[in-house]
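Features as listed in Swiss-Prot:
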REGION    1-44  region 'Tetramerization'
MOD_RES   14  phosphoserine
BINDING   75  pyridoxal 5'-phosphate binding site
REGION    96-106  region 'Phosphate loop (P-loop)'
BINDING   97, 98, 105, 313  substrate binding site
BINDING   271, 398, 463  tRNA binding site
MOD_RES   284  N6-(pyridoxal phosphate)lysine
REGION    474-493  region 'SLA/LP epitope'
């Protein structure tokens, strides 16, 4: 309702009441105006009524919601199901145009505005999380792996001779397949063991750059967030190598936005060397459904090139999800979640440490990994290979999700490449182990329930192992008794034969 509508309403209802309602509406509109003017995440989260008003105002700016609209094209925002239309708040046209995912659509001003605001809010949050000098970013409706592929395909046009991507090993399939899908040959750099941690082999990286030649290398593809005992790559040193040899640097920052340490590494890498783009998942960092990522970087023109590489229009669902989430939380709400995650990491670490010691195991010392933890499973692995994988199955059937058990010597072929010791990020890690992570949104009750169920599973596996050991002992003892009886029979037979003769 506008001013004229309220004035007309005063003829039907007491003007004092109408003016009060008008003031209430203005308070909602004031929040919306501040958002459009500043393009930053509000400090305090919005209530649902403000959010729904804002989304409704945007949606009616799209041509499919015009009163009396007549569409005669092949794509006019028609939706057969009213439920589907409501699910998307009647944003049907998606984002971008055929030549650029960030471009404005003439017949979808509301969706275009939604896209611009979302990208602006996400940029603000990335700065808040620790990468203060980021220049540009955009939300893309693909998960991390395909978003990395889009970055590699953009670099292809800038480096036509390149055929290799140097990749410090991380045993995660999608980031590996992102390079294969883009048509490049991954050059796997094995990690080095320093204490319990697996760290970047910088000498091997530089040696491979010199061996292959900088012109033949598309980029170095590094990683921040990862499963312990692997830790984030030495981003500063890798960024310096990239700057010295004029090689692009793409960072897989999948769930690193929630970690101040990961974001600091990216900021420092860009300060001392070269980082062209870093990619992060929406669902892992902002607690929204799977299917979106953020591509960000320090060179505005390069990020625009990546957005123009995306073919066709794109789904607005990931952008809408993260926009609603950030406006609901506000920057203070998101900062609170980051703080709670750090606290849960310390709590989870302490609880796993106590439990591991009770079973003669230990928490691996991985101080450079700010999200993931690992506990040894030596006592299980020494006795029976299947005991380690059995523990993982038991946890899963007891509704513990996210925990990973990593046995020794696992082999895995991914896109024609065979990895020894797959899941452990190295060919021969010294022991089997169990992973758990403290990610954004974790609560204390999650940790307590996990520790309780892990304790029960470890007891059950040990009890079964002990029973098998007893059974094996009994079988061995029976065989020994039979052999002794047979020998005694032979002695008695010989004695009888001697007496007879």
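The backbone N, Cα and C atoms fix where each Cβ goes, glycine too.
Features recorded in Swiss-Prot, as mapped to the structure shown.
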| residue | record | DSSP class |
| --- | --- | --- |
| 14 | phosphoserine | coil |
| 75 | pyridoxal 5'-phosphate binding site | coil |
| 97 | substrate binding site | strand |
| 105 | substrate binding site | coil |
| 271 | tRNA binding site | helix |
| 284 | N6-(pyridoxal phosphate)lysine | helix |
| 313 | substrate binding site | coil |
| 398 | tRNA binding site | coil |
| 463 | tRNA binding site | helix |
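Put simply, of the binding-site residues 75, 98, 463, the one whose Cα is nearest the Cα of residue 284 (N6-(pyridoxal phosphate)lysine) is 98.
Sequence-ordered, the extra residues of this chain that approach the substrate site, with Cβ no more than 8 Å from the Cβ center of 97, 98, 105, 313, are 94, 95, 96, 99, 100, 103, 312. Counting other C-beta atoms within 10 Å of each candidate's C-beta, the recorded positions 14, 98, 105 are led by 105. Of all the recorded positions listed here (14, 75, 271, 398, 463), 75 has the Cα closest to the Cα of residue 313 (substrate binding site). Of all the binding-site residues in the list 75, 105, 271, 398, the shortest Cα-Cα distance to residue 14 (phosphoserine) is found for 105.
For the recorded positions 271, 284, the ranking by surrounding Cβ atoms (within 10 Å, all protein chains) places 284 first.
Taking all protein chains in view, 17 other C-beta atoms sit within 10 angstroms of the C-beta of residue 97 (substrate binding site). Taken together, the residues of the region 'Phosphate loop (P-loop)' (96-106) have an average pLDDT of 86.
In terms of local Cβ density within 10 Å, 313 ranks first among the binding-site residues 75, 313, 398, 463. Secondary structure of the region 'Tetramerization' (1-44) per DSSP (helix as H, G, I; strand as E, B; remaining residues coil): 31 helix, 0 strand, 13 coil. Comparing residue 75 (pyridoxal 5'-phosphate binding site) with residue 97 (substrate binding site), their Cα atoms are 12 Å apart once rounded. When the Cα of residue 105 (substrate binding site) is compared against those of the binding-site residues 271, 398, 463, the shortest separation belongs to 271. The binding-site residues shown are 271, 398, 463; of these, the one with its CA atom nearest the CA of residue 97 (substrate binding site) is 271. Counted over all residue pairs in 271, 398, 463, the record's binders of tRNA, the longest Cα to Cα distance measures 54 angstrom. It is 62 Å from the Cα atom of residue 463 (tRNA binding site) to that of residue 98 (substrate binding site).
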